[in-house]
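**Student:** One structure, pasted below without further comment.
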Amino acid sequence: MSLIALIPLFPLIGFLINGLGYKKIPKAIVAPVGIGAALLSFITTVLVYFQFKADGQTIIQPLFDWITVGGLNISFAFQIDQLSIIMLFIITGVGTLIHLYSKGYMSHDEGYGKFFAYLNLFLFSMLLLVMGANYLIMFIGWEGVGLCSYLLIGFWNKRSDFGDAARKAFIMNRVGDLGFLIGIFLIIRQFGTLEYLSVFEQAQGLEMGNISIMFITFCLFIGAMGKSAQIPLFTWLPDAMAGPTPVSALIHAATMVTSGIYMVVRSNVLYTLSPDTLEFIAWIGTLTALLAASIALFQNDIKKVLAYSTVSQLGYMFIGLGVMAYTSGFFHVITHAFFKALLFLGAGSVIHAMSDEQDISKMGGLWSKIKITAATFLIGTIAISGLPPFAGFFSKDEILAHVFEHNKAMWALAMVGSFMTAFYMFRLFFLTFTGKFRGTKEQEDHLHESPSSMTIPLIVLAGLSIVGGFIGFPEIFHLPHALADFLSPLYDGSRAVNPEFGLVHLSHSTEWMLMGFSVLLAAVALGVAWFIYVKKETQPADPSQLGGIKKVLADKYYLDEAYQIAFVKPVEKASQFFYSTIDKKAIDRVVEGTGDLTSLLNRLSTKLQTGSTGFYILVMSIAVAAILILNMGTEIADQFFSIFNAQTK
Amino acid sequence: METLETIKNLTMTQWSFYAVSVLTLFGALGTILSKNPIHSVIYLIMTFFSLSAHYVLLNAQFLAAVNIVVYAGAIMVLFLFVVMFLNIKDEAPELDNNKIVIGASIVGGTIGVILVAAIRLTESQKIDPSTYQIKTGFIETLGQLLYSKYLLPFELVSVLFLIAMSGAVMLGRKEKGERNF
Amino acid sequence: MENQLPAMPDVIAQVPLNNYVLLASILFIIGIAGVLIRRNAIIMLMSIELMLNAVNLLLVAFSSYRSDPNGQIFVFFIMAVAAAEVAVGLAIIVMIYRNIRSIDISLLDKLRG
Amino acid sequence: MYPIISLSVTGLLTLFLGFSENKKIVFPASIAFLLIALATAFIDWNAPGFYFNDMLQVNNTSIVFWAILIISAILIMGFSEGFERFEFAQPAEYFAIVQFSLVGAIMMVSFKNLIMLFLGIEILSVAMYVLTGADKRNIRGNEAALKYFLMGAFATGILLFGMAMFYGATGTFNIGSGVFIGGDNSFFLWIGCTFMLIGMLFKVAAAPFHLWTPDVYEGAPTIFTAYMSTIVKTAGFVALFKVLSTTFSGLQDFWWIMIAVLVTLSLMIGNIGAVSQNSFKRLMAYSSISHAGFMLLALLGDHENALGSIMFYSVVYTLATISAFGVLMVVSKERIEKGRVYEQNDLFKGLAQNNGFLATVLIIAMLSLAGIPLTGGFWGKFFVFRDAASSGLFWVIIMAVLMSAIAIYYYFKPVLLSMSKKTSLESITINPLAKFIFAITTFGTIVLGIFPWILRSLF
């Protein structure tokens, strides 16, 4: 068996050991198995990388023929190319660190073994998602990660709202998956295959703006909206913070939520063929980035702030994709994986230190108590705010430059969002780590730095957040953009269908100016946050006392309520309704006021209600009559009229 | 007047058909509208007898006989037996409930109207005298078919009867400690 | 006897086939109506018997007009099935009568939802 | 054709076994008889033909279905070990009736003449009426039996009227002896087609002819509920397919809309009705209505693939259903309330802690029913959707995918309950045979999820 197949195999084995041996395996073995599985995957990835680099060709590793039915042939095969290898590094690398972190973080939990089993299962699904050589394997991974995220969010299902959050996440993901699945069937219809290589090859022969490609890309993007939490399917992500913090870091920051971006980059030929979809993606991304950033401004839950920030950053990635800057969008995926995982793990460390307190209004002055966490958290904050030379600066700036070229209004909005990002992140940092401690005495006594299994991942990620941006220097620095060079072969198809692809028209002076402006904005935001929360020592307000716009922001724009009304309620209502087509009360209501028939059915159902055989047979007979009318009604009426007309003549 | 002429000109066969048809429908309506279950049974037996008369008119003598033996002789006796055995009182409150009756009539009427309309619009098939076999409904023809072409289903009916027999015994019989009725 | 036989098609033909089809359909509808309006399980069963008999009449009529015995064979099977069904049905009714001392199906509505 | 003979004879033998003093012999003997029937099914392998004057059509496809039906029966009857919990147990009769009913099911998948179809349906149905009422003193069982019987007999009447009209229009009972498109008798043919389809759709519980399903499923003894929702359904769909793809294929324009409407209705009523169910059996009943909708979807596509899709779907559905009902049977007998077994969803509360094996079986079954990838259920839905997509029916597919999203809601109810902490049960005993059956069904579900071609490549 080749090395490639081993990559997802290790987590699967880890899952099987910890999952099947749940309760039987001693606790001391659980963590080494779980971490070991991730680490072995990472090592294998490194080996595969060298193998790939040696000849530079896309490797297709077929395992077996999956299904052949009516002209459609789908094989179970893995594809290793530039895109999947980078995703593999992120998933296994960050995954290993987070597994390590979980060892310390979850050590007191009774479901320790179960947790590692789920984490490994998640890794397995995520690896399937990025390694598959066709859309079906991607879809299976796609559903698999959704399922694992569901399991992991609901991990502490003692509290009922955790269960609800989990279900919400799953249902929203399913809505997205619906789009994805329809997209897959459309691809089968259009191309007769699901293998990436042959789909893209065939696609290169198509015209720009092909309508069926537009439908395909649009449906696939609906899937991405669900998985990558874009408007309107994003409210599950903040709720998903109910899960354990390592899960938030791994699934809801570094890996799963970026699978939408992976999918678009993977299908870049199709998206390039459909400029309309791209425009739509760009605007959805812009709106999401702005909306989520504005909600994050006044949240007091440390994890909620980070969650909305993730949604907002995902928005930036989609803006990048939408303006055809696939590399820039993907670049941001990489850097974001570093600094957002760092921030989440840091937050977890804070929560750990604060004895499970998540409210930043009860924190403050933690800097001296937990120095490593604070320092690494600061690095993460700077990185996400876009201050040079940290990772976030390079990737975000590249996206913004492309947006400026594409559409000035969109650029302005993106800048506003970027300003807000810097502000709320520094607000979070200052409120948590500076000033006076606002919590209880007990919490203060209990403050302690986390164990080394938790701090080591923080330090590693902090290092990556500092240097991670150097893989993609802007052109104006006259240094190589390693990432762009590496990913370049992926876009051969796009270049073939759109000669304009990848050409930059910005002058160097404009680019310098843009860069300076965004750094300036971030610095100003930092200053404002410092002024409000450090100088003035403003206390974070209780959301119930906020007025006007602030309150709306804090209440997340009432979106959950809107969903309740628009989506959950109708299903509930419909459920009740269908129920009661056999129930007298609803029948009463439905047919009320329609004369004799009403009172007839009323009495019928009063007497017969649900459970009555007579009523059932009546319904059957009505159905028979209806079907007869449906099937033959028009025909009979036609013939009668023709006879009637013949007679009158 | 035209109707009267038509009635006058009816042949013997047509007379029989209409008379028996009226009897059939009368029996059928009696079955479903009688309050006393025993009356229903008797009306139903009447319907079966008139159906047998139809079979005779259609030259299916053997079926006519079997119909009386199986339906009137066996099935209806079973019905009568159960009705009397359970001593069911002749209460039929549902028949006084006009809404049920009207509702059923509307639904039944709709299906009926569609069926009748469809039948009226279909031209009546004619007998082809050249291929007509007088012996179609005779016992020899049917017997030969039943034991040659339809041997398998004929044998498999016995499986059905085995199920019905053991099932009926199982469900209907008195268990220890139960009252007779 | 022999010389009368050829007249048989004419005798049958005096009543158009569609009259039989019409009669059978009406009988069938009466059966359906019976099932719909009655709450007494035995009478409902009888109404179903009416429906089956309507089918029998239909089959015999088609069979005679086509001079094709297959239709009449089918009638045998229907009779056999009807007998089996009635036996099982009455057994179920007796079983229920033992338990609830009634065969009014409107009392049996505990399973619902 | 041999399994028909074999099952008829062994059924009779089983009845005679009932006379023996030692009642314990009936169960192993019946399983052995079913295995014999399974073996005889393959005598005709690769020997396609028509038997008994065109009454039966035997080919490899029908043999595969025979095997599916008989194996399902064996798996389900395996749970009846220790049948004494029925107060008035007469094991010989039950097992005999099960074997006889399989004869009916086999007729339904290999008929060539409408008389055989009709007899098959009746043999299966009459057996089910009896088995539904098997628990004689349970008033709910009685109610279910009477409901099923009255509505079933009504549906039989409608089916027969259809067959008579069909005969009137075409003069034959043979299917496949020609494709009819009407002509002078088109109205008779249409009435025949409509009524026949309605009669058969009743048996497979497609909405709006589904009303009996929840009540009967709930009232019947669980083992026969499982039997009903698997064997009756599989046989019914094959019969439906045979009729639609041969005799009525010329009338496709005519029945197509009707089936499309029924698919929509079944999916909506099944899925939406299931959302608020508290009783596990009712939940499964509504779910079975929705699965009927999914399987009907396959009939709308081109006929080349439809049978394979139906076969695959019914196998994965059967496996998952047997698992689910099996777990219910095993767990519910541990909790008797008011003299009856407790069958609400919250029976499963804390099952994972109590018995991890049963919880795993239940969860995998539910995942498969919900159509989550890497279980067989996913592929079942995939093939069906693909068939429907080939017919360009996108609105129905979108509906179906949306409904399968709602399905997650209720399929996860028992899953979540089983993973919750509180447990209300004492330790659960599983006999080795049940354990073996669970192993087979669960393993089968997963293997078919990973290697669907094992089954799908059969035809």
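Quick reminder: no glycine exception, Cβ is built from N, Cα and C everywhere.
Not my notes, these are from TrEMBL:
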| type | residues | note |
| --- | --- | --- |
| TRANSMEM | A:29-50 | transmembrane segment |
| DOMAIN | A:66-116 | domain 'NADH-Ubiquinone oxidoreductase (complex I) chain 5 N-terminal' |
| TRANSMEM | A:86-103 | transmembrane segment |
| TRANSMEM | A:115-133 | transmembrane segment |
| DOMAIN | A:134-421 | domain 'NADH:quinone oxidoreductase/Mrp antiporter transmembrane' |
| TRANSMEM | A:169-188 | transmembrane segment |
| TRANSMEM | A:208-226 | transmembrane segment |
| TRANSMEM | A:247-265 | transmembrane segment |
| TRANSMEM | A:305-324 | transmembrane segment |
| TRANSMEM | A:330-351 | transmembrane segment |
| TRANSMEM | A:372-391 | transmembrane segment |
| TRANSMEM | A:411-433 | transmembrane segment |
| TRANSMEM | A:454-473 | transmembrane segment |
| TRANSMEM | A:512-534 | transmembrane segment |
**Student:** Do at least three C-beta pairs under 8 angstroms join the transmembrane segment (A:115-133) to the transmembrane segment (A:512-534), pairs 6 or more apart in sequence?
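**Tutor:** No, the stretches stay apart by this measure.
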**Student:** Other than its close neighbours in sequence, what residues sit by the transmembrane segment (A:208-226), given a CB gap under 8 Å and a spacing of at least six beyond its ends?
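**Tutor:** Sequence-remote neighbours of the transmembrane segment (A:208-226) are 142, 172-183, 186-187, 189-190, 232-233, 259-261, 263-264, 267, 270-277, 280-281, 284, 318, 497-498.
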**Student:** Please indicate, using numbers and ranges, the residues of the same chain that are 6 or more beyond the transmembrane segment (A:29-50) and have a C-beta under 8 Å from a C-beta there.
**Tutor:** 3-4, 6-8, 10-11, 13-15, 17-18, 80, 85, 88-89, 92-93, 95-96, 99-100, 102-103, 112-113, 116-117, 119-120, 123, 127
**Student:** Under 8 Å between C-beta atoms and at least six residues away from its ends: which parts of the chain pack against the transmembrane segment (A:454-473)?
**Tutor:** 94, 97-98, 100-101, 104-105, 327, 331, 334-335, 338-339, 341-342, 345-346, 348-349, 352, 372-373, 375-376, 379-380, 383, 389-395, 398, 479-484
**Student:** Mean pLDDT over the domain 'NADH-Ubiquinone oxidoreductase (complex I) chain 5 N-terminal' (A:66-116): what is the value?
**Tutor:** 83
**Student:** Which residues, given as numbers and ranges, are at least 6 beyond the ends of the transmembrane segment (A:512-534) yet have a Cβ under 8 Å from it?
**Tutor:** 385-388, 393, 396-397, 400-401, 404, 415, 418-423, 426-427, 430-431, 434-435, 474, 476
**Student:** Give the nonlocal contacts of the transmembrane segment (A:86-103) in its own chain as ranges (CB under 8 Å, at least six residues past its ends).
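**Tutor:** Beyond its ends, the transmembrane segment (A:86-103) has Cβ neighbours at 7, 31, 34-35, 38-39, 41-42, 45, 48-49, 115-116, 119, 123, 126-127, 130-131, 244, 246, 249-250, 254-255, 262, 330, 333-334, 337-338, 341, 345, 348, 453-454, 456-458, 460-461, 486-487.
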**Student:** Taking the transmembrane segment (A:411-433) as the reference, which of A:169-188, A:330-351, A:372-391 gives the largest number of Cβ pairs under 8 angstroms?
**Tutor:** A:372-391
**Student:** So, by DSSP, how many helix, strand and coil residues make up the domain 'NADH-Ubiquinone oxidoreductase (complex I) chain 5 N-terminal' (A:66-116)?
**Tutor:** 29 helix, 13 strand, 9 coil
